[in-house]
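The structure appears right after this line, and notes come after that.
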Amino acid sequence: MSAAMGRPFLKMNGLGNDFVVVETRSAPFEPTAAQVRAIADRATGIGCDQLIAVDPAEGADAHVRFWNADGEEVGACGNGTRCVGWLLMQSSGKDEAVIETRAGRLVATRAGERLVSVDMGPPRLEWNEIPLAEPHDTRALDVVLYHHADLMAPPGCVSMGNPHVVFFVPDAEQAPAAEAGPAIEGHPLFPEHVNVGFAQVKAPDRIRLRVWERGAGLTKACGTGACAAMVAASRRGLIGRHATMELDGGELFVEWRADGHVIMTGPAAVDFQGELP
(Lines of atoms letter the chains of each structure in order from A; the text may use other names.)
(Lines give C-alpha, C1' and ligand atoms only; values in the text may rest on other atoms or scores of the structure.)
Protein backbone atom coordinates (compact mmCIF):
# COMPACT_ATOMS: atom_id res chain seq x y z
CA MET A 1 0.00 0.00 0.00
CA SER A 2 2.75 2.37 -1.03
CA ALA A 3 0.47 5.36 -1.69
CA ALA A 4 -0.63 5.31 1.94
CA MET A 5 2.40 3.86 3.73
CA GLY A 6 3.29 5.58 6.99
CA ARG A 7 0.53 8.18 6.72
CA PRO A 8 -0.92 9.22 10.09
CA PHE A 9 -4.62 8.61 10.69
CA LEU A 10 -7.23 9.18 13.37
CA LYS A 11 -9.84 6.55 14.16
CA MET A 12 -13.11 8.35 14.96
CA ASN A 13 -16.74 7.45 15.42
CA GLY A 14 -20.14 9.06 15.51
CA LEU A 15 -22.48 6.84 17.57
CA GLY A 16 -20.37 3.81 16.67
CA ASN A 17 -20.38 4.54 12.92
CA ASP A 18 -16.60 4.48 12.61
CA PHE A 19 -14.05 6.09 10.33
CA VAL A 20 -10.38 6.16 9.46
CA VAL A 21 -9.59 9.85 8.86
CA VAL A 22 -6.47 11.04 7.01
CA GLU A 23 -5.40 14.57 6.11
CA THR A 24 -3.71 15.22 2.80
CA ARG A 25 -1.96 18.55 3.38
CA SER A 26 1.47 16.90 3.46
CA ALA A 27 1.01 14.47 0.56
CA PRO A 28 -1.70 13.58 -1.98
CA PHE A 29 -3.94 10.63 -1.14
CA GLU A 30 -5.53 8.67 -3.98
CA PRO A 31 -6.23 5.18 -2.64
CA THR A 32 -7.37 2.43 -4.96
CA ALA A 33 -10.56 0.53 -4.19
CA ALA A 34 -8.41 -2.41 -3.08
CA GLN A 35 -6.45 -0.18 -0.67
CA VAL A 36 -9.68 1.19 0.80
CA ARG A 37 -11.00 -2.34 1.34
CA ALA A 38 -7.71 -3.35 2.99
CA ILE A 39 -7.84 -0.39 5.40
CA ALA A 40 -11.52 -1.02 6.20
CA ASP A 41 -11.11 -4.77 6.77
CA ARG A 42 -11.84 -5.46 10.44
CA ALA A 43 -9.90 -8.73 10.46
CA THR A 44 -6.67 -7.74 8.71
CA GLY A 45 -6.76 -3.92 8.45
CA ILE A 46 -7.63 -1.05 10.77
CA GLY A 47 -11.36 -1.61 10.37
CA CYS A 48 -13.99 1.02 9.63
CA ASP A 49 -17.31 1.72 7.95
CA GLN A 50 -15.81 4.57 5.89
CA LEU A 51 -12.41 5.99 4.97
CA ILE A 52 -12.27 9.81 4.97
CA ALA A 53 -9.70 12.11 3.36
CA VAL A 54 -9.51 15.75 4.51
CA ASP A 55 -8.08 17.88 1.69
CA PRO A 56 -7.13 21.58 1.61
CA ALA A 57 -9.80 23.74 -0.06
CA GLU A 58 -10.17 27.22 -1.53
CA GLY A 59 -12.85 29.22 0.27
CA ALA A 60 -13.65 26.49 2.81
CA ASP A 61 -12.00 24.90 5.82
CA ALA A 62 -11.59 21.61 3.98
CA HIS A 63 -12.70 19.47 1.08
CA VAL A 64 -13.69 16.01 2.29
CA ARG A 65 -13.86 12.72 0.40
CA PHE A 66 -15.57 9.55 1.61
CA TRP A 67 -15.16 5.89 0.66
CA ASN A 68 -17.39 3.07 1.84
CA ALA A 69 -15.80 -0.13 3.13
CA ASP A 70 -16.37 -1.80 -0.25
CA GLY A 71 -13.95 0.68 -1.86
CA GLU A 72 -16.50 2.90 -3.62
CA GLU A 73 -16.16 6.68 -3.26
CA VAL A 74 -19.45 8.29 -2.19
CA GLY A 75 -20.74 11.84 -2.05
CA ALA A 76 -21.95 12.17 1.52
CA CYS A 77 -21.57 10.78 5.03
CA GLY A 78 -23.41 12.61 7.80
CA ASN A 79 -21.66 11.12 10.83
CA GLY A 80 -18.30 11.44 9.09
CA THR A 81 -18.95 15.10 8.30
CA ARG A 82 -19.79 15.69 11.96
CA CYS A 83 -16.50 14.09 13.05
CA VAL A 84 -14.45 16.08 10.53
CA GLY A 85 -16.28 19.26 11.54
CA TRP A 86 -15.27 18.68 15.16
CA LEU A 87 -11.63 18.12 14.13
CA LEU A 88 -11.56 21.30 12.05
CA MET A 89 -13.10 23.37 14.84
CA GLN A 90 -10.64 21.95 17.37
CA SER A 91 -7.79 22.90 15.04
CA SER A 92 -9.02 26.42 14.24
CA GLY A 93 -10.50 27.31 17.64
CA LYS A 94 -13.63 28.51 15.84
CA ASP A 95 -17.22 27.44 16.42
CA GLU A 96 -17.94 26.80 12.74
CA ALA A 97 -16.35 24.81 9.91
CA VAL A 98 -17.23 25.02 6.22
CA ILE A 99 -16.78 21.69 4.46
CA GLU A 100 -16.88 21.05 0.72
CA THR A 101 -18.01 17.59 -0.40
CA ARG A 102 -18.88 15.98 -3.70
CA ALA A 103 -22.53 16.41 -2.71
CA GLY A 104 -22.16 20.14 -1.94
CA ARG A 105 -21.08 22.56 0.77
CA LEU A 106 -21.92 21.70 4.39
CA VAL A 107 -21.53 23.81 7.53
CA ALA A 108 -20.70 22.30 10.94
CA THR A 109 -21.17 24.24 14.20
CA ARG A 110 -20.45 23.50 17.86
CA ALA A 111 -23.54 22.41 19.75
CA GLY A 112 -21.96 21.50 23.10
CA GLU A 113 -19.14 19.42 24.53
CA ARG A 114 -18.20 17.08 21.65
CA LEU A 115 -21.61 17.77 20.10
CA VAL A 116 -21.72 19.04 16.53
CA SER A 117 -24.58 20.25 14.34
CA VAL A 118 -24.26 19.93 10.57
CA ASP A 119 -26.42 21.79 8.07
CA MET A 120 -26.91 18.99 5.55
CA GLY A 121 -28.69 21.30 3.11
CA PRO A 122 -32.12 20.61 1.61
CA PRO A 123 -33.18 17.05 0.79
CA ARG A 124 -33.54 16.10 -2.86
CA LEU A 125 -36.95 14.63 -3.46
CA GLU A 126 -37.50 14.34 -7.22
CA TRP A 127 -37.25 10.83 -8.67
CA ASN A 128 -34.31 11.75 -10.89
CA GLU A 129 -32.47 13.35 -7.94
CA ILE A 130 -32.50 10.17 -5.82
CA PRO A 131 -31.88 8.84 -8.53
CA LEU A 132 -34.44 6.23 -9.56
CA ALA A 133 -34.26 4.37 -12.86
CA GLU A 134 -37.78 5.53 -13.80
CA PRO A 135 -40.38 8.08 -12.60
CA HIS A 136 -42.15 7.30 -9.32
CA ASP A 137 -43.72 9.24 -6.46
CA THR A 138 -40.87 9.42 -3.94
CA ARG A 139 -43.26 10.20 -1.07
CA ALA A 140 -44.74 6.70 -1.33
CA LEU A 141 -43.01 4.39 -3.79
CA ASP A 142 -45.54 2.17 -5.58
CA VAL A 143 -43.12 -0.72 -6.10
CA VAL A 144 -42.69 -3.89 -4.03
CA LEU A 145 -38.94 -4.05 -3.43
CA TYR A 146 -38.88 -7.08 -1.13
CA HIS A 147 -41.55 -9.61 -0.24
CA HIS A 148 -42.00 -9.50 3.53
CA ALA A 149 -45.14 -8.68 5.49
CA ASP A 150 -43.52 -5.71 7.24
CA LEU A 151 -42.17 -4.22 3.99
CA MET A 152 -45.27 -4.19 1.77
CA ALA A 153 -46.34 -0.63 2.62
CA PRO A 154 -44.91 1.90 0.14
CA PRO A 155 -41.51 3.22 1.30
CA GLY A 156 -40.30 6.79 0.85
CA CYS A 157 -37.22 7.89 -1.10
CA VAL A 158 -34.93 10.80 -0.21
CA SER A 159 -31.46 11.88 -1.30
CA MET A 160 -29.23 13.61 1.25
CA GLY A 161 -26.39 13.71 -1.26
CA ASN A 162 -26.68 9.92 -1.35
CA PRO A 163 -29.76 7.78 -2.10
CA HIS A 164 -32.04 6.41 0.63
CA VAL A 165 -35.18 4.33 0.70
CA VAL A 166 -37.08 4.26 4.01
CA PHE A 167 -39.55 1.59 5.07
CA PHE A 168 -41.97 2.35 7.92
CA VAL A 169 -42.23 -0.80 10.00
CA PRO A 170 -44.21 -1.81 13.11
CA ASP A 171 -41.08 -2.89 15.00
CA ALA A 172 -37.59 -1.87 13.88
CA GLU A 173 -35.98 -4.56 16.05
CA GLN A 174 -37.89 -7.29 14.19
CA ALA A 175 -37.48 -5.83 10.69
CA PRO A 176 -35.51 -8.14 8.36
CA ALA A 177 -32.71 -5.60 7.90
CA ALA A 178 -29.87 -8.09 7.39
CA GLU A 179 -31.87 -10.12 4.85
CA ALA A 180 -33.76 -7.39 2.98
CA GLY A 181 -31.00 -4.76 3.10
CA PRO A 182 -28.58 -6.31 0.60
CA ALA A 183 -31.39 -7.38 -1.74
CA ILE A 184 -32.90 -3.88 -1.85
CA GLU A 185 -29.50 -2.13 -1.98
CA GLY A 186 -28.85 -3.60 -5.43
CA HIS A 187 -32.43 -3.42 -6.78
CA PRO A 188 -32.47 -2.25 -10.43
CA LEU A 189 -34.73 0.69 -9.53
CA PHE A 190 -31.66 2.28 -7.91
CA PRO A 191 -28.91 2.71 -10.53
CA GLU A 192 -26.42 3.98 -7.91
CA HIS A 193 -27.61 1.36 -5.38
CA VAL A 194 -29.31 2.62 -2.23
CA ASN A 195 -29.12 2.90 1.56
CA VAL A 196 -32.04 1.11 3.21
CA GLY A 197 -33.73 2.41 6.37
CA PHE A 198 -36.17 0.54 8.62
CA ALA A 199 -38.03 3.18 10.65
CA GLN A 200 -40.48 2.73 13.51
CA VAL A 201 -42.37 5.89 14.45
CA LYS A 202 -42.61 5.70 18.25
CA ALA A 203 -44.00 9.20 18.90
CA PRO A 204 -44.66 12.39 16.91
CA ASP A 205 -41.07 13.41 17.65
CA ARG A 206 -39.25 10.08 18.01
CA ILE A 207 -38.21 7.41 15.50
CA ARG A 208 -36.36 4.14 16.04
CA LEU A 209 -34.17 3.52 12.99
CA ARG A 210 -31.93 0.76 11.69
CA VAL A 211 -29.95 1.25 8.49
CA TRP A 212 -28.42 -1.08 5.94
CA GLU A 213 -25.75 1.19 4.51
CA ARG A 214 -24.81 0.95 0.85
CA GLY A 215 -21.37 -0.61 0.58
CA ALA A 216 -21.00 -1.05 4.34
CA GLY A 217 -23.89 -3.22 5.56
CA LEU A 218 -25.70 -2.84 8.88
CA THR A 219 -24.17 0.07 10.79
CA LYS A 220 -24.59 1.30 14.35
CA ALA A 221 -25.60 4.71 13.02
CA CYS A 222 -26.05 6.49 9.69
CA GLY A 223 -26.31 10.28 9.78
CA THR A 224 -27.69 10.80 6.29
CA GLY A 225 -30.01 7.83 6.92
CA ALA A 226 -31.37 9.55 10.03
CA CYS A 227 -31.95 12.73 8.03
CA ALA A 228 -33.63 10.83 5.20
CA ALA A 229 -35.92 8.87 7.55
CA MET A 230 -36.98 12.03 9.38
CA VAL A 231 -37.78 13.80 6.09
CA ALA A 232 -39.61 10.77 4.68
CA ALA A 233 -41.73 10.48 7.84
CA SER A 234 -42.51 14.20 7.86
CA ARG A 235 -43.57 14.09 4.20
CA ARG A 236 -46.04 11.35 5.08
CA GLY A 237 -47.46 13.29 8.04
CA LEU A 238 -46.19 10.69 10.51
CA ILE A 239 -44.17 13.25 12.50
CA GLY A 240 -43.62 17.00 12.57
CA ARG A 241 -40.48 18.86 11.47
CA HIS A 242 -38.07 17.56 14.12
CA ALA A 243 -37.37 14.25 15.81
CA THR A 244 -34.98 12.36 18.02
CA MET A 245 -33.64 9.45 15.98
CA GLU A 246 -32.82 6.31 17.99
CA LEU A 247 -30.06 4.34 16.24
CA ASP A 248 -28.23 1.23 17.39
CA GLY A 249 -25.29 3.40 18.53
CA GLY A 250 -27.27 6.17 20.22
CA GLU A 251 -29.38 9.21 19.41
CA LEU A 252 -29.25 11.97 16.81
CA PHE A 253 -31.49 15.01 16.72
CA VAL A 254 -32.74 15.99 13.26
CA GLU A 255 -34.70 19.10 12.28
CA TRP A 256 -36.16 19.91 8.85
CA ARG A 257 -36.25 23.68 9.06
CA ALA A 258 -38.77 26.00 7.44
CA ASP A 259 -36.08 27.12 4.98
CA GLY A 260 -35.85 23.52 3.73
CA HIS A 261 -32.46 22.71 5.25
CA VAL A 262 -31.96 19.59 7.36
CA ILE A 263 -29.91 20.04 10.56
CA MET A 264 -28.38 16.99 12.23
CA THR A 265 -26.92 17.16 15.75
CA GLY A 266 -24.94 14.46 17.52
CA PRO A 267 -21.62 13.48 19.11
CA ALA A 268 -18.14 13.05 17.64
CA ALA A 269 -15.43 10.95 19.27
CA VAL A 270 -11.75 10.16 18.69
CA ASP A 271 -10.88 6.52 19.41
CA PHE A 272 -7.13 6.35 18.67
CA GLN A 273 -4.42 7.42 16.24
CA GLY A 274 -1.83 5.51 14.25
CA GLU A 275 -0.15 5.15 10.88
CA LEU A 276 -1.52 3.41 7.82
CA PRO A 277 0.34 0.17 7.04
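Heads up, the Cβ atoms here are built off N, Cα and C, so glycines get one too.
What Swiss-Prot annotates here:
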type: ACT_SITE; residues: Cys77; note: active site, proton donor
type: ACT_SITE; residues: Cys222; note: active site, proton acceptor
type: BINDING; residues: Asn17, Gln50, Asn68, Gly78, Asn79, Asn162, Asn195, Glu213, Arg214, Gly223, Thr224; note: substrate binding site
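Recorded features from Swiss-Prot, shown on the structure.
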residue	record	contacts (Cβ under 8 Å, 6+ apart)
Asn17	substrate binding site	Asp49, Gln50, Asn79, Gly80, Thr219, Lys220, Ala221, Cys222, Gly223, Gly249
Asn68	substrate binding site	Val36, Asp49, Gln50, Val74, Glu213, Arg214, Gly215, Ala216
Cys77	active site, proton donor	Phe19, Gln50, Ile52, Phe66, Asn162, Gly223, Thr224
Asn195	substrate binding site	Asn162, Pro163, His164, Val165, Glu185, Val211, Trp212, Glu213, Arg214, Cys222, Thr224, Gly225, Ala228
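Asn68 (substrate binding site) falls within a strand when secondary structure is assigned with DSSP. Of the binding-site residues Asn79, Thr224, Asn79 has the largest number of other Cβ atoms within 10 Å of its own Cβ. Taken residue by residue with DSSP, Asn195 (substrate binding site) is part of a strand. Residue environment of Arg214 (substrate binding site) contains 25 other Cβ atoms, counted within 10 Å of its Cβ in all protein chains.
One way to see the shell of the substrate site is to take the Cβ centroid of Asn17, Gln50, Asn68, Gly78, Asn79, Asn162, Asn195, Glu213, Arg214, Gly223, Thr224; the remaining same-chain residues with a Cβ within 8 Å of it are Asp49, Phe66, Val74, Ala76, Cys77, Gly80, Val211, Ala216, Thr219, Cys222, Gly225.
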